[in-house]
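One structure below.
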Amino acid sequence: MTVRVEIRETPGDQEAVLALAEAAAEADGVRPLNEQTLLALRYGGPSGARFLLLYDGDELAGFAYLEPSDPPSGELVVHPGFRGRGLGGRLLAAVLDTGGKGVRLWAHGDLPAAARLAAGFGMTRARALWRMRRPLTTPLPAPELPEGVRLRTFEPGRDEEAWLALNARAFADHPEQGSWTLEDLKRRQQEPWFDPAGFFLAERAGTLVGFHWTKVHAQAEGADGPIGEVYVVGVDPEERGTGLGRALTLAGLAHLRSRGLDQVMLYVDEANTAAVRLYESLGFTRWTVDVMYRR
């Protein structure tokens, strides 16, 4: 069979890619593609994004996606039925050649095979993202808002611009989140899971100063049934140290429990020790790890 890598500006056969990803998830116990990649498959990526499809003959054997960040970042996956033949290396070589110097790639689940592949190309571990979880069947402290702050929920058609401005302030040091555009937000508003009743905003004198956006998964790998998610918590830099982040987190957890959920998860950067300490103080424990490799 002839092996080739096609590099495209559009995703191509979305259904074949999703089927490949599902086969990998069943084999590895962890989903290989994150939300950003799945949205790019559905709607198309931003200008400069690249979709790499590895074919063995006419069969799709691997897939990779590169975001045009600085430096580029993305992820790749090889179908379980095509592993052990050097195709992962073939695809990774194409990714590195396409992305250029400093390419960053996520490996979900910290699997040994991914670590070996990365090491073989001189890539080193650059970041670790923890997935943490806690039961919602145990007691939750009541949220205590700072004086002068009130909570309400997100109103579509009214709050988008103010929320984007707050998100940029809150995540000025984390461009993956802080650089969100109106299009990024609207795409998520179109997703079946979006529920403004679970999108909490904190206001002080009419100005947004914090938020907690929750999410509900019908199913997640490793979870027995539906699970809630602390999707994003953000606090204005001027409000840090006031306890607002803790109060927002607790308000969202209470909402998820009111939905009948008995477990909740979140993602947090291993290096964000303040956030890790907060979540551990609220009963979260480490569940799985995603690793970013960089050359």
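Cβ from N, Cα, C; glycine included.
From a predicted model like this one, the values you see are computed outputs, not experimental measurements.
Copied over from Swiss-Prot, here are the features:
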- Leu76, Val77, Val78: acetyl-CoA 1 binding site (BINDING)
- 233-235, 240-246, 272-277: acetyl-CoA 2 binding site (BINDING)
- 5-141: domain 'N-acetyltransferase 1' (DOMAIN)
- 149-295: domain 'N-acetyltransferase 2' (DOMAIN)
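Taking the features listed in Swiss-Prot, we show where each one sits on the structure.
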residue : record                    : DSSP (3 states)
Leu76   : acetyl-CoA 1 binding site : strand
Val233  : acetyl-CoA 2 binding site : strand
Gly243  : acetyl-CoA 2 binding site : coil
Asn272  : acetyl-CoA 2 binding site : coil
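Listed in sequence order, Leu20, Ala21, Ala24, Pro32, Leu33, Gly62, Phe63, Ala64 are the same-chain residues at least 6 apart in sequence whose CB falls under 8 Å from the CB of Val77 (acetyl-CoA 1 binding site). The binding-site residues considered are Val78, Val233, Val235, Ala274, Val276; of these, Ala274 has the fewest other C-beta atoms within 10 angstroms of its C-beta. Looking just at the domain 'N-acetyltransferase 1' (5-141), the mean pLDDT is 95. Rounded to a whole number, the C-alpha distance linking Gly245 (acetyl-CoA 2 binding site) with Val78 (acetyl-CoA 1 binding site) is 39 angstrom. Between the listed binding-site residues, namely Gly241, Gly243, Gly245, the fewest other CB atoms within 10 angstroms of a CB are found at Gly241. Asn272 (acetyl-CoA 2 binding site) sits 26 Å from Leu76 (acetyl-CoA 1 binding site), counting Cα to Cα.
Counting other CB atoms no more than 10 Å from each candidate's CB, the binding-site residues Leu76, Asn272 peak at Leu76. Cα to Cα, Val233 (acetyl-CoA 2 binding site) and Leu76 (acetyl-CoA 1 binding site) are separated by 28 Å.
Checked against Leu76 (acetyl-CoA 1 binding site) by C-alpha proximity, the binding-site residues Gly241, Gly243, Ala274 yield Ala274 as the nearest.
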